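Under the heading compositional bias 'Polar residues', TrEMBL lists 1-12. Under the heading compositional bias 'Basic and acidic residues', TrEMBL lists 13-33. The feature region 'Disordered' is assigned by TrEMBL to 1-33. If you look up TrEMBL, you'll see 52-72, 92-113, 125-142, 148-169, 181-200, 236-256, 309-333, 374-392, 398-420, 432-452, 464-482 marked as transmembrane segment.
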């Protein structure tokens, strides 16, 4: 098959888009035009093989990053371990780790790519994964609760946020017409990482499926902790996690590659020069940039002053709080329902897959139906789940269904918010906006923790769930009023 020429104007247009959309540095941009070239069919096959290898590396890295959703599964073991060393430690003390971890992760997402362009993608991935591995090794020797919280939240959270997008962007370079598929496959590793390591941690700490049996009075209530037979295995658990994550980091570092001079977007052998990504409604898609012809938000200040920005801020805050609360507390709440540790481990693993594995499906649905319809469907499901979870009467099946539905919807929210930001605010300001939205997700996570810490002792879990139901109502109402299309007026210079 004879390759055709790449349209120079299109290539230059892509160069400009690539610089903004992927935050490529001046070092990467300089001279890229000279590397634009034609590819033979044989070369394209080789490039695709390299791309698949890169995807495998990205999945391996996201297995490591999936430790974010692992905390809810291991916190009862760690709580018992820390309680033995410091009797003042309570369940609510440990639960603050998840929201701080989230703030650390979400607050640096937008900086990782810029930093990688300076020091190199492989270097960045190797450093980030190694720091996470080192953190778990250090945690195996820590006996002070405050040192534990600091190391877990910042030595795990910040490196995770910095490297989160790197394998996805590398995959986009290899498969520019399949960005949704690339993102979905790699992020699925995020969910499956928590899925697998949930079972690994349970097998190490509690192989005999013991129940919490050591009572302590906390906030006027009796809370039960695991015995020494379980919590004495916590240091070994962290050491095995450190070793596993380090091996996965090595694999990811070796396999992931950023092909700086690769520009397949306009390689005509892939199509007739106007081929678009398959399976996408191009009128709604923000993935294929030449179709975005409407006026875009010109500056960050213009975006912040707009109505859609403040709608999205409150919608994010109110919509993700239920899912994040359950991801943090699903095991400690499940124990109050009389569900054994083995069953809760299975539930935690499955809900992680529902969260991470669903994101590709939601991305496809977003392209087909748009943000508003999906958001309203998710909001209705969250309303039903938050209103009924307090009345399942110790039913494992009921808890299983509600939690998996909640995490399935949480995956949808986390995959749709970046897309709607780019759609509403454009490719220049959109990425900055959704960087801010991710920080709001961290704030919502902390708000859920505060409801748990101060609300649960006084009004119980049922009362907390009804407050969360109120947040979900606000999200639904704003979703009804939200408009995806916004008329941006050209700013006066």
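Backbone N, Cα and C atoms are what each Cβ position is placed from, and that goes for glycine too.
Bear in mind that the values here come from a model prediction, so they are computed numbers and not experimental data.
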What residues elsewhere in the chain lie close to the transmembrane segment (236-256), defined as a C-beta under 8 angstroms and at least 6 residues from its ends?
53-54, 56-58, 60-61, 63-64, 67, 74, 77, 121-122, 125-126, 128-130, 132-137, 139-140, 166-167, 170, 197, 200-201, 204-205
Taking contact to mean 3 or more CB pairs closer than 8 A (sequence separation of 6 or more), are the transmembrane segment (52-72) and the transmembrane segment (125-142) in contact?
yes
Can you find at least 3 Cβ pairs under 8 Å between the transmembrane segment (464-482) and the transmembrane segment (181-200), where each pair is 6 or more residues apart in sequence?
no
With pairs 6 or more apart in sequence, are the transmembrane segment (148-169) and the transmembrane segment (398-420) linked by at least 3 Cβ pairs under 8 Å?
no
Would you confirm whether the transmembrane segment (432-452) and the transmembrane segment (374-392) meet the contact rule of 3 or more C-beta pairs below 8 angstroms, pairs 6 or more apart in sequence?
no
Answer key: the stretch among 125-142, 374-392, 398-420 with most Cβ pairs under 8 A to the transmembrane segment (181-200) is 398-420
